[in-house]
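Peer 1: Structure provided below as structure tokens; questions to follow.
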Amino acid sequence: MEPAGMANSWGSLLQEQQQLEELAQQAVDRALAEGVLLRTPQEPSSSDVVSYAPFTLFPSLVPGALLEQAYAVQMDFNLLVDAVSQNAAFLERTLSSTIKRDTFTARLFDIHKQVLEEGIAQTVFLGLNRSDYMFQRNADGSPALKQIEINTISASFGGLASRTPAVHRHVLSVLGKTKEAAKILSNNPSKGLALGIAKAWELYGSAKALVLLIAQEKERNIFDQRAIENELLARNIHVIRRRFEDVSEKGSLDQDRKLFVDGQEIAVVYFRDGYMPSQYNLQNWGARLLLERSCAVKCPDIATQLAGTKKVQQELSRVGVLEALLPGQPEAVARLRATFAGLYSLDMGGEGDQAIAEALAAPSRFVLKPQREGGGNNLYGEEMTQALERLKDSEERASYILMEKIEPEPFGNCLLRPGSPVRVSQCISELGIFGVYVRQGKTLVMNRHVGHLLRTKAIEHADGGVAAGVAVLDNPYPA
């Protein structure tokens with residue numbers, strides 16, 4: 001389909017304000033009925049009052065070939081993340097400059113070193129990740145799949161993503177577009193994520209052991225997490241939710257380094273917290289170390305969290321690195337490399353100097369990224385220029401990477417949010433694919449893709465996670 005066509009898929013519908021407002025009411029009511037829910041900013045710790053999670057009025061066109069390509073490369077990314085997490089020398093070498101300047105990465109790395117020195121107690125490893133892409137507009141107008149990042153800890157929205165297809169089918173059905181409604185793909189990542197947790201629980205081998213979900217005190221996105229808990233409960237696997245503080249106060253290891261919380265043995269620790277510096281104090285770091293030292297299956301273990309850093313992503317794009325990590329797998333290497341955007345090191349030295357000079361000469365072509373998860377951290381344009389001018393002679397620059405800016409073809413859609421008027425915005429989308437793998441010792445016993453997430457944002461917002469209040473939930477309409 002022509003990019004122009006992509007831009008105007010629901011074009012005529014976007015002209016009629018009254019119809020948009022009526023459709024939006026229908027869509028919001030259906031979203032609430034389907035469980036597309038968030039707690040409110042005012043009451044983030046209570047479900048007494050909830051609202052709908054922001055979403056698009058219409059599904060957004062995604063080229064079918066690119067959706068297929070993203071799915072096809074996901075098992076390769078699972079293998080790659082797992083290989084990086086097991087390669088202590090690679091992690092140490094790659095992160096050496098970053099940990100000098102980035103205290104958060106340094107703290108994680110300290111725990112990693114401590115656990116390696118003591119000997120890793122866990123024998124089963126579980127990865128639940130989400131690889132995110134945008135559609136780069138090539139010179140000839142055709143779109144190409146380019147990876148933005150891979151999230152190896154607390155990859156979210158697998159639960160809510162399973163609830164949104166019904167909402168978009170509803171909108172299209174109301175318009176009498178039943179043929180189009182049928183083209184919206186069913187999608188249930190939370191079921192697949194739960195399958196991975198269940199497999200790890202089973203291999204841990206204790207029928208009475210529980211799954212521990214490490215939760216934030218204030219969690220607006222609780223319904224997304226409950227979707228996974230409910231899938232596990234249906235398999236008779238019980239989940240307890242605790243904060244780092246609770247683990248610190250009531251967690252302990254026995255002589256075999258089995259983990260107990262409130263006197264109950266824990267088979268799997270699933271982190272939905274612990275990916276940003278603000279989520280840790282001294283007590284929380286202590287709790288994280290206790291969890292890492294245990295033989296419980298951590299999702300992720302500390303090495304896998306480090307494997308998801310921006311600096312590792314940049315290193316993986318260097319010539320020959322994929323080949324060394326995935327020997328004898330040239331097809332996988334080719335599939336992976338095809339999705340890489342331009343990534344540049346800012347380590348001290350000629351290579352970093354050149355990258356900075358290029359970015360200062362053409363700031364619109366680049367984005368500056370710190371080693372952070374959670375959205376809202378990247379620097380663009382004037383802000384990026386100021387930061388580079390400040391950083392260019394300082395070793396602190398090594399804790400950032402520079403990335404080619406992906407420029408997708410914008411299109412019209414309506415972003416529906418509580419309290420906001422219904423209006424058409426120019427938007428771009430980001431496609432995420434959920435991956436699950438389980439390894440026992442050196443044997444991979446599960447490696448699969450389990451669903452997708454499409455998030456869409458208005459182009460005035462350069463950087464945004466859904467929870468950061470910028471991107472909204474969407475569904476791909478295969479073009």
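Each Cβ is built from the backbone N, Cα and C atoms, and glycine gets one as well.
Reproduced below are the annotations present in TrEMBL:
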BINDING   R130, 153-156, 219-221, Q225, 272-275, R455, 466-467  substrate binding site
BINDING   E149, N151, E373  Mg(2+) binding site
BINDING   E149, K310, 369-378, Y380, 403-406, E430, K457, D463  ATP binding site
DOMAIN    210-307  domain 'Glutathione synthase substrate-binding'
Peer 1: How many other Cβ atoms are found within 10 Å of the Cβ atom of E373 (Mg(2+) binding site), counting all protein chains shown?
Peer 2: 19
Peer 1: What is the number of other Cβ atoms found within 10 Å of the Cβ of R220 (substrate binding site)?
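Peer 2: Its Cβ shell of radius 10 Å holds 20 other Cβ atoms.
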Peer 1: For the domain 'Glutathione synthase substrate-binding' (210-307), jot down how many residues DSSP puts in helix, in strand and in coil.
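Peer 2: Counts, helix then strand then coil: 41 helix, 26 strand, 31 coil.
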Peer 1: Would you mind sorting out which of R130, Q225, D273, P370, Y380, K457 (the binding-site residues) have a C-alpha within 10 A of the one on N151 (Mg(2+) binding site)?
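Peer 2: Of everything listed, what lies within 10 Å of N151 (Mg(2+) binding site) (Cα to Cα) is R130.
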Peer 1: Sort out the sequence-distant neighbours of S154 (substrate binding site) for me: same chain, 6+ apart, CB within less than 8 Å of its CB, listed by position.
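Peer 2: Result: F271, R272, D273, G274, Y275, E373.
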Peer 1: Nearest to G376 (ATP binding site) by Cα, among R130, E149, Q225 (binding-site residues)?
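Peer 2: Looking at Cα distances from G376 (ATP binding site), the smallest one goes to E149.
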Peer 1: Tally every other Cβ atom lying within 10 Å of the Cβ atom of D273 (substrate binding site).
Peer 2: 20
Peer 1: Measuring Cα to Cα, tell me the gap between R220 (substrate binding site) and K457 (ATP binding site) in whole angstrom.
Peer 2: 20
Peer 1: Considering the binding-site residues P370, G376, which residue's Cβ sits among the greatest number of other Cβ atoms within 10 Å?
Peer 2: P370
Peer 1: Sort out for me which one of R130, K405, K457 has the most neighbouring CB atoms within 10 A, since those are the binding-site residues we care about.
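Peer 2: Of the binding-site residues R130, K405, K457, the highest Cβ count within 10 Å belongs to R130.
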